[in-house]
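**Student:** Okay, here's the structure, questions in a sec.
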Amino acid sequence: MGASQDDYSLVHKNILHSEDLLKYILETSAYPREHEQLKGLREVTEKHEWSSALVPADEGLFLSMLLKLMNAKRTIEIGVYTGYSLLTTALALPEDGKITAIDVNKSFFEIGLPFIQKAGVEHKINFIESEALPVLDQMLQEMKEEDLYDYAFVDADKSNYANYHERLVKLVRIGGAILYDNTLWYGSVAYPEYPGLYPEDEVDRLSFRNLNTFLAADPRVEISQVSIGDGVTICRRLY
């Protein structure tokens, strides 16, 4: 069974389709707690033509809380864009925390760099301009037990999430967390068919349906799929 025509009109970045409730959450809980430099970066990014790729402020607070609860120190980020989630992570890590951030386009990262610098956390970030898979493969070749990561956040090319997972489940320590963004894909993953999407969005939608089924059956991790932003799946490595 496909979606109804009314469902199609609801496609947007956040799966919370009540605009009033979303506005309430952001204005009551998220924006008052948003770091000054994150606010500045968000406002600049919202004017960008690819602003839909911005991690929402309420999701950013969720990521920050998780990082602090985990006492994470070493993290990986695949897909940086202007760096909202990257700056969120850097602010949440301790002073000696380290982030390996990978993206194919450094020009987007440079939009956020002044805000990262003003926040005083640039020293925590190692930005690598590259496709992620070759970097991850090299990291696996050079990895020692003490070099394992606490946490990884993926918000990149959707069709490669499964490939990233196979690497990250070895790079992140047992008990560590791997997070995948956008896994509910505007809510469209609920339907076997979803007419009206752009062809590239339909490819990503099908990729997420396959990924969600795969992660739910992967014995190496336990998962929780959270309906915040556009959907975030948290994987905790078991072995």
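Using N, Cα and C of the backbone, Cβ positions are placed for all residues, glycine too.
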**Student:** Which residue of Asp147, Asp150, Asp155 does Swiss-Prot report at the same divalent metal cation site as Asp181, Asn182?
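**Tutor:** For the divalent metal cation site that includes Asp181, Asn182, Swiss-Prot also lists Asp155.
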**Student:** Check Swiss-Prot: it lists Val55, Glu77, Gly79, Val80, Ser85, Asp103, Asp157 as binding S-adenosyl-L-methionine. Then name which of Ala119, Ala132, Ala177 it lists for that same site.
**Tutor:** Ala132
**Student:** Round to a whole number and give the Cα-to-Cα distance in Å for the pair Ala132 (S-adenosyl-L-methionine binding site) and Asp155 (divalent metal cation binding site).
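**Tutor:** If we compare the Cα positions of Ala132 (S-adenosyl-L-methionine binding site) and Asp155 (divalent metal cation binding site), the gap is 11 Å.
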**Student:** Which residues, sitting 6 or more apart from Gly79 (S-adenosyl-L-methionine binding site) on the same chain, put a CB under 8 Å from its CB?
**Tutor:** Ile102, Asp103, Ala132, Val154, Asp155, Ala156, Asp157, Asp181
**Student:** When you measure from the Cβ of Val55 (S-adenosyl-L-methionine binding site), which residues in the chain that are at least 6 apart have a Cβ under 8 Å away?
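**Tutor:** Once residues fewer than 6 apart are set aside, Val55 (S-adenosyl-L-methionine binding site) is near Leu63, Tyr84, Ser85, Thr88, Asp155, Asp181, Gly229.
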**Student:** My understanding is the cutoff is Cβ-Cβ under 8 Å with a sequence separation of 6 or more in the same chain; which residues meet that for Asn182 (divalent metal cation binding site)?
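**Tutor:** Non-local contacts for Asn182 (divalent metal cation binding site): Asp155, Lys158, Asp204, Phe208, Gly229, Asp230, Gly231.
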**Student:** Show, in sequence order, which residues other than Asp155, Asp181, Asn182 on the same chain lie with their Cβ within 8 Å of the centre of the Cβ atoms of the divalent metal cation site.
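**Tutor:** My list of surrounding residues reads Val55, Gly79, Val154, Ala156, Tyr180, Thr183, Gly229, Asp230, Val232.
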